[in-house]
Amino acid sequence: MAAGTSSYWEDLRKQARQLENELDLKLVSFSKLCTSYSHSSTRDGRRDRYSSDTTPLLNGSSQDRMFETMAIEIEQLLARLTGVNDKMAEYTNSAGVPSLNAALMHTLQRHRDILQDYTHEFHKTKANFMAIRERENLMGSVRKDIESYKSGSGVNNRRTELFLKEHDHLRNSDRLIEETISIAMATKENMTSQRGMLKSIHSKMNTLANRFPAVNSLIQRINLRKRRDSLILGGVIGICTILLLLYAFH
């Protein structure tokens, strides 16, 4: 029975690690999609005076479809990983070996922390993408209003020129901000990759510790004995010090 329950726990851990690896790859691709959307919208904004609006709209709609598809896939993976974590929690509550509960709870908490990090990263990237898309839609509407005004009036007066120059300044400011965001996202991708390597090393160390519980028990007994010996030695030193003081004052 113990072998069967242990096999069930290992199967759950295997499922959790597989889903975590899939989520890690999906989130990196999702972040790259957000970055490419920002860059393409900037390029489209710079050349929209010399080309029609057909190509940017097609590019935007294609990226929007990719965004929706990837968001659904990531949400499904998060839901599956949540279900696996819930099953692991049920197993730890029903496990009949008290000595293993601490190790199981530690492993479960680690998987929960990973799930929380992935969920937070997904919602943050999704919010950034939505903000960029909303801003680009707003700027596109402004450009259309300007072009409509120019074609309707046919007058290229000083006021319109100043307005267009101000609009160009805003576009340049947006481009600088987007480049800064791109650098930050690239840094985040590198940190995510390093976190994956550290997670793999930590997982292997926990696996070794769980496979050899006798080693953990022996280490704990050694630490307890060292602590006891330290207390005894401290007591002996204290008694000797008191006796020396009494002898010195007499």
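Even glycines carry a Cβ here, placed using N, Cα and C.
Marked as N-acetylalanine by Swiss-Prot: A2.
The topological domain 'Cytoplasmic' feature in Swiss-Prot is assigned to 2-229.
The coiled coil annotation in Swiss-Prot covers 9-30 (among others), and the record cites sequence analysis as its basis. The list of residues near the coiled coil (9-30) in space but at least 6 beyond its ends in sequence, with Cβ under 8 angstroms from a Cβ of it, reads 70-71, 73-74, 77-78, 80-81, 84-85, 87-88, 91, 104, 107, 111, 114-115, 118, 121-122, 125-126, 189, 192-193, 196, 199, 203.
Look at Swiss-Prot and you will find 38-59 tagged as region 'Disordered'.
If you look up Swiss-Prot, you'll see 41-51 marked as compositional bias 'Basic and acidic residues'.
For the coiled coil (68-95), the model's pLDDT averages out at 90. The coiled coil annotation in Swiss-Prot covers 68-95 (among others), and the record cites sequence analysis as its basis.
The feature phosphoserine is assigned by Swiss-Prot to S141.
Feature annotation from Swiss-Prot assigns transmembrane segment to 230-250; the stated evidence is sequence analysis. Among residues of the same chain six or more beyond the transmembrane segment (230-250), none has a C-beta under 8 A of the stretch's C-beta atoms.
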